[in-house]
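Here is what Swiss-Prot records for this protein:
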TRANSMEM  23-43  transmembrane segment
TRANSMEM  73-93  transmembrane segment
TRANSMEM  109-129  transmembrane segment
TRANSMEM  138-158  transmembrane segment
TRANSMEM  167-187  transmembrane segment
TRANSMEM  193-213  transmembrane segment
TRANSMEM  219-239  transmembrane segment
TRANSMEM  314-334  transmembrane segment
TRANSMEM  348-368  transmembrane segment
TRANSMEM  381-401  transmembrane segment
TRANSMEM  419-439  transmembrane segment
Amino acid sequence: MEKLKILNLNFSFQRAAHYHINGGMLLMGVVLLAMFLANSPWGDIYASFWNYEVHLQIGEFNFFSHNGHHMTLMTFINDALMAVFFFSVGLEIKREILVGELSSFRQALLPIVAACGGMLVPVLIYYFMTAGTPAQSGLAIPMATDIAFSLGVLSLFGKRVPLSLKVFLTAFAVVDDIGGILVIALFYTSHLSVNYLIASAGILLILCGGNFFRVHNRWFYIFWGVIMWYLFLQSGIHATIAGVVAAFTVPATPHYKIGKYINRIRENIAVFPASDKESVVLSKMQINVLKSIESSSDRVISPLQSLEDSLHGMVNYIILPLFAFANAGVSLTADHGGLEVGMATWAVLAGLLAGKFAGIYFFTWLVIKMGFAGLLKGMTWVNLTGICLLGGIGFTVSLFIANLSFGDSPVLLTQAKMGVILGTVLAGVLAYLVLQFALPKQPAQE
């Protein structure tokens, strides 16, 4: 039974990793396209395109407006579509906490400590480089790791990569996501509307009630999650946080246990009419039995797993590429003709490249030397170096926090984005070079 559980977890991880890896490759292409357009003769058209307003209006009510402002395409992507991304992240975090690499203290300790170091050191480096300057407010930018990009780079080595390295990278990236979510919720709240917060709390009670009373219809959680998103948008708390909060209320237990499901399938097979095996047209009785099997199959998959599986494709192949296409198009030249770089650029670059590596590596070394954890199977101090460098690929959440930090300062925003893109590229290249040397030449034995 334990072996079956482990196999199921590995299958779940590998399926999720497949989406992340392919999505990471797509992101790379989209970033290059956005950079090309932003620095081409069509740069002004590219920049102005994202300022078109988005409306969903019924009478006088516009669903995509808040505080008297209408959403543009850019804010629709960053505030609405990215809420779906954070909903998916919330589902992944909940799964990891319940049955994954964060489900036990000893399992979780190494990636949690590594992630804490990977968040703390970049923030400190950024702070000391920008203290007392307008760029200081972006100190959370270099604390994130982009799981899709980093797994995309790791996938270039194919079966040479031990599964333990992929699991470790994914686990500490998930903890990074938790840190990023907390930062967004706590430090990027512009104002608070008590009435909308109270209404949001009411919706949260409905969602928690659905979980408590075992409501397994996933549309229940989607509907009330969308309402919560709108209330968060109006409340002043960043709307994407609604996605995470709603995700944590989605049930992780299926309606049917495996044993009951197997019995139901056997019962249906026993009554399935098979008199004419050559017929290409099913009888009404056969259709009814097959529908019963389909219904039972739906009920053995928990709402959490069902939603996570359904959203992976949309998030990795539509939402994140759109986000990258809208946000990564940075003009490389300033008005004076030079590169658009400044203190924010160098601080983000140092945080992602040096801070991430030093924080993850040192904190991992510390917790192992203190005897609280050990290196995972297939992990060495040399290939760990490459994984620590991959932690400096901060793309998606780093760009997202940059928008929140410098939304009112286009110059600082551009400088920070330059730092994110440079840091991501350099971290990816250095990680590739280190892992090319550190990983075994033959496929890893699991």
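Cβ from N, Cα, C; glycine included.
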Between the transmembrane segment (348-368) and the transmembrane segment (419-439), are there three or more C-beta pairs closer than 8 Å, counting only pairs 6 or more apart along the chain?
yes
Look over the recorded stretches 167-187, 219-239, 381-401 and say which has the most C-beta pairs under 8 A to the transmembrane segment (23-43).
381-401
Spell out yes or no: are there three or more C-beta pairs under 8 angstroms between the transmembrane segment (219-239) and the transmembrane segment (109-129), with each pair 6 or more apart in sequence?
no
Per the 3+ Cβ pairs under 8 Å rule, pairs at least 6 apart in sequence, do the transmembrane segment (314-334) and the transmembrane segment (167-187) touch?
no
Examine the transmembrane segment (419-439) against the transmembrane segment (109-129) and state whether at least 3 Cβ pairs sit under 8 A, considering only residue pairs 6 or more apart.
no
When you check the transmembrane segment (167-187) against the transmembrane segment (138-158), do you get at least 3 Cβ pairs under 8 Å, counting only pairs 6 or more apart in sequence?
yes
What else in the chain is close to the transmembrane segment (109-129), if you only count residues 6 or more beyond its ends and a Cβ gap under 8 Å?
101-102, 136, 138-143, 145, 168, 171-176, 179, 343, 346-348, 350-352, 354-356, 358-364, 366-368, 372-373, 376, 388, 391
